[in-house]
Amino acid sequence: MKIEVAEFAGFCFGVKRAMDMAWKELENAKENIYSLGQLIHNTQAVGKYKEKGLKVIDAVEGKISGSIIIRSHGVSLDVYNALKEQNVSIVDATCPFVKKIQDIVYKSFSEGKAIVIVGNPKHPEVIGINGWCKNSAKIVKTIDDIESYSWDDSEYSVVAQTTMNIDQYEHIKKKLTATVDHIEFHNTICLATKERQDASKILSKKAQAMIVIGGYHSSNTQKLTEICSQNCPTFHVETKEELDMSLISSYSHLGITAGASTPDWIITEVVEYIQENSK
Ligand code: SF4
């Protein structure tokens with residue numbers, strides 16, 4: 001059986017960087033190490049970090065002592081201030097691409113511009129970005145949201161959630177341009193998501209079947225499963241234990257892809273398991 005892993009699969013740059021920073025902290029830990037929210041949507045990886053001593057908290061409440069890791073999604077200015085008041089040491093693993101958006105929003109807002117964020121208002125990245133303009137942003141997830149806001153003569157500065165779908169962003173941009181007189185756009189979409197989706201699509205057209213590895217609750221993994229299943233039989237698993245070899249051993253060319261929160265070691269385990277059990 002030929003097993004082929006997609007050109008882009010698993011951790012993106014920002015998630016890998018955050019996970020490496022967190023691991024390094026845990027290895028050198030002399031005090032409590034917290035993370036503000038789950039580092040990633042992957043049960044196995046989160047379990048491994050917790051075993052190593054990571055304590056996950058949902059909010060900065062009560063007294064914290066030790067170090068706190070800010071995950072790749074980033075946080076609001078208020079959260080940084082709350083952490084500074086507590087005198088905890090901050091390990092800032094905000095993805096540099098997200099940091100760039102926060103800087104644009106902070107600068108534009110300081111210059112008196114009104115902020116628009118194209119993205120999901122419930123996503124932690126968007127909640128964090130909004131916190132750099134005193135939570136004043138108009139958040140546009142779909143074209144219809146544009147009509148739900150009133151638009152005045154202000155100068156508007158627009159940023160996008162890094163994982164926003166490019167086509168959807170372009171539609172929203174077109175409508176905003178037609179709706180608002182003074183508006184500037186900053187295309188802050190990160191290509192990591194698109195690269196993973198494109199690579200999975202290409203491979204699923206060549207392979208006889210696809211295995212998609214990633215958390216069942218990870219939306220980018222679900223999206224990869226959806227894309228691949230349009231082209232060939234597709235099996236979504238979280239770990240090697242869930243592979244049903246009776247379903248896949250008859251294929252001579254198997255493609256593998258993985259969501260952006262799937263660590264390399266889980267991908268390697270799946271590949272090795274299939275190699276050993278398909279002989
Ligand atoms: S998807 Fe892009 S912006 Fe988001 S963490 Fe990964 S590299 Fe950073």
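Note: Cβ is positioned from N, Cα and C throughout, glycine not excepted.
Positions annotated as active site, proton donor by TrEMBL: E125. Annotation note: E125 (active site, proton donor) sits in a helical segment as assigned by DSSP. Summarising the environment of E125 (active site, proton donor), the number of other Cβ atoms within 10 Å of its Cβ, over all protein chains shown, is 24.
According to TrEMBL, the feature [4Fe-4S] cluster binding site maps to C12, C95, C190. Annotation for C12 ([4Fe-4S] cluster binding site): same-chain Cβ neighbours under 8 Å, separated by at least 6 residues, are C190, A192, T193, R196, A260.
Secondary structure at N220 (isopentenyl diphosphate binding site), as computed by DSSP, is helix. What TrEMBL lists as isopentenyl diphosphate binding site is H41, H73, H123, S218, S219, N220, S261.
The secondary structure of H73 (isopentenyl diphosphate binding site), as reduced to three states from DSSP, is coil rather than helix or strand. The 10 Å shell around the Cβ of H73 (isopentenyl diphosphate binding site) contains 25 further Cβ atoms across the protein chains shown. The dimethylallyl diphosphate binding site annotation in TrEMBL covers H41, H73, H123, S218, S219, N220, S261.
Annotated (2E)-4-hydroxy-3-methylbut-2-enyl diphosphate binding site per TrEMBL: H41, H73, H123, T162, S218, S219, N220, S261, in sequence order.
Within 10 Å of the C-beta of H123 (isopentenyl diphosphate binding site) there are 19 other C-beta atoms, taking all protein chains into account. Of all residue pairs in the isopentenyl diphosphate-binding list (H41, H73, H123, S218, S219, N220, S261), the one with the greatest Cα separation is 15 Å apart. S218 (isopentenyl diphosphate binding site) sits 15 Å from E125 (active site, proton donor), taking the CA atoms of both as reference points.
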